[in-house]
Amino acid sequence: MELKTMPQNGANNGNPQGNTSNNNNTNDSSNSNSNNNNKTERTNWSNGLEFLMSCISVSVGLGNIWRFPFTAYENGGGAFLIPYIIVLFMIGKPMYYLEMIMGQFTSQGTVKIWSICPSFLGVGYGQAFGTICIISYYSSLLALTLYYLAVSFQADLPWSTCRDTWINCVNSRPAEYIETMMTNGSSALTRATDTPAKLQSSSELYFLDVVINEKTDISDGVGNPDWKLTIALFVSWIVIFLVIMRGVKSSGKAAYFLALFPYVVLFTLLGRAVTLEGAVDGIIFFLEPQWGELLNPTVWKEAVVQCFFSLAVGSGPIIMFSSYNRFDHPIYRDAMIVTTLDTLTSLLGGITIFAILGNLAHNLKVENIRDVVRSGTGLAFISYPDAISKFNAVPQLFSALFFFMLFVLGIGSIVALQSTIVTIICDQFKWKYWKVALVTSICGFLMGLVYVTPGGQWILTLVDFYGGTYVVFILAIFELVGIAWIYGVSNFCDDIEFMSNKRVSLYWRACWLIFTPIMMIVIFIYSMVTITPIKYSDIYFPVAGDVAGWLLFAIGASQFPLWGWWYVHNHRTGSIAKSFVDSLKPSQKWGPADPETRRNWLLFKSDLAAKRAVQAKSDKMGFFRQKLYNMCGRST
């Protein structure tokens, strides 16, 4: 995006009105300006709308159109929807708003924000590891999308009709549902009533047999990369590199297109999907609540993970984007807009997919929509193409538009994730941005090769489950604990009040302090205790696969204690115990980056501490009220 360099400004913070606070984060206030002798300048967005559109482009992406439908499909449709909405309000929105605040308040990236609690430095590096895992397989989805985009320009969509070698195949093309291709290559008109084997649509068989050449067993290896998908993967990474090589300076104007164009295609597909026969049954399956599933912890765990993926929480892009805001930018408004629009987009994608699944169930004579197609990451590459093949007018055009849209969404998601990694590296080593972008893009391409093999979908499922799910989940818990429980909600809310000149509502305080961390901890512990061996398409992974998955999780999660130990060991202030306690306190680098804003902030915090100390002494119940305040951040 087009940026302009300027010093950051505070927000009417000379004498802001507000509550009083225990100033436990200013243990180094006497030396607060030692690191700020020179005026710090920070590039800012040229306008707030570009920031908003950029957040929409990363949050409203593959997580909504690709991951949400198959996650809902695997968890019972309406059985998943209710927990997802609850999780959104109790976990998703609070975490999203918190990360926006952290980035804007400090003007720092995912790792350097942990000057707030230095021993939690490993949270930032662990999240970077989880982000790398996500990037590795997201790029393979771009390769699949690019492949489908290329074949969409053929005279006939290649997945719309059955091939001679496909048994029990039903054409996806309209008016040909009952034409089943037999093993001898002859075509016969049959009715599904007497067919003993399960019928499969031509779009599903095309994806499994032609595009990914799926292996049903990886005990002997995953196979060699497919040359067509390898080329598509290479082209995808070239595009990614070209976008990120100049950082955020050139992507602002594109954010308008990246954020708005997908809705045109989505509404077009929705309009066609809801008019198909059986679509109502699919939509009802998606929207009808199944209250009994509220007691299923697996559904809650999947709702949390999907919320993180959809909003890009716990992986760094939100912190990175908001770090380029002016200090007084109204992020509360933007956080509410993005999280609400993200949910509506997920519902839009879900209704579209399940309308198509309802139509497939009708055509394949299947009573249970869960049995229509195999679940998994390929669902979007089966259901959407099947719907497009039913367009009466120029389906090739709609196919090209849809997969171009999916490619754009993928680029928006990966660019944000990849930029997070590049920013972390550049912040640490001060290397040239384009060189880091080039090297990381090459590494991303090499990692992505494993996903374009016949066993690639197995690896994708494994990495998504252990690296993209549990690593992100547990580190998000540590992130919230470090900010809300160790730094303290009261201190955090004081910082927000200083930045926005507004008091923080009880809803946010209660979520950050109680509801969000407790819900996340309970769901995570229960999901770990009741975890079952991972499967792909109802087939269990070999033992080596499970071992590799747990090793992946261990590498990501271990970043937290390892970097914590490193910080304590290298910043000894006495005994190990004293050094550990000191490592839980904010360092001298914590606070606003602009020196003038930082001085005002320190005066603001000091004034609050003095006022609260006076109140505590003058009130017999002051001591207990102060303790209560420190817990929940409410005014005494």
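Heads up, the Cβ atoms here are built off N, Cα and C, so glycines get one too.
So that you can see what the record holds, here are the features copied from Swiss-Prot:
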TOPO_DOM  1-50  topological domain 'Cytoplasmic'
REGION    1-40  region 'Disordered'
COMPBIAS  7-40  compositional bias 'Low complexity'
TRANSMEM  51-71  transmembrane segment
TRANSMEM  78-98  transmembrane segment
TRANSMEM  131-151  transmembrane segment
CARBOHYD  ASN184  N-linked glycosylation site
TRANSMEM  225-245  transmembrane segment
TRANSMEM  254-274  transmembrane segment
TRANSMEM  303-323  transmembrane segment
TRANSMEM  337-357  transmembrane segment
TRANSMEM  397-417  transmembrane segment
TRANSMEM  436-456  transmembrane segment
TRANSMEM  469-489  transmembrane segment
TRANSMEM  511-531  transmembrane segment
TRANSMEM  547-567  transmembrane segment
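Most Cβ pairs under 8 Å to the transmembrane segment (303-323), among the stretches 254-274, 436-456, 469-489, belong to 469-489.
The transmembrane segment (131-151) shares more Cβ pairs under 8 Å with 436-456 than with any other stretch in the list 78-98, 254-274, 436-456, 547-567.
Long-range Cβ contacts of the transmembrane segment (397-417) within its own chain (Cβ-Cβ under 8 Å, at least 6 residues beyond either end) map to 54, 57-58, 60-63, 65-66, 131, 134-135, 138-139, 141-142, 145-146, 148-149, 152-153, 157, 236, 239-240, 243-244, 251, 257-259, 261-262, 265-266, 268-269, 312, 315-317, 320-321, 380, 384-385, 388-389, 391.
Among 78-98, 337-357, 469-489, 547-567, 337-357 has the largest number of CB pairs under 8 A with the transmembrane segment (51-71). For the transmembrane segment (511-531), the partner stretch with the most Cβ pairs below 8 Å, chosen from 78-98, 225-245, 254-274, 436-456, 469-489, is 469-489.
Listed by sequence, the residues of this chain that lie at least six past the ends of the transmembrane segment (225-245) yet keep a Cβ under 8 A from its Cβ atoms are 139-140, 142-144, 146-147, 150, 211-213, 251, 254, 407, 410-411, 414-415, 418-419, 422, 433-434, 437-438, 441-442, 444-445, 448-450, 452-454.
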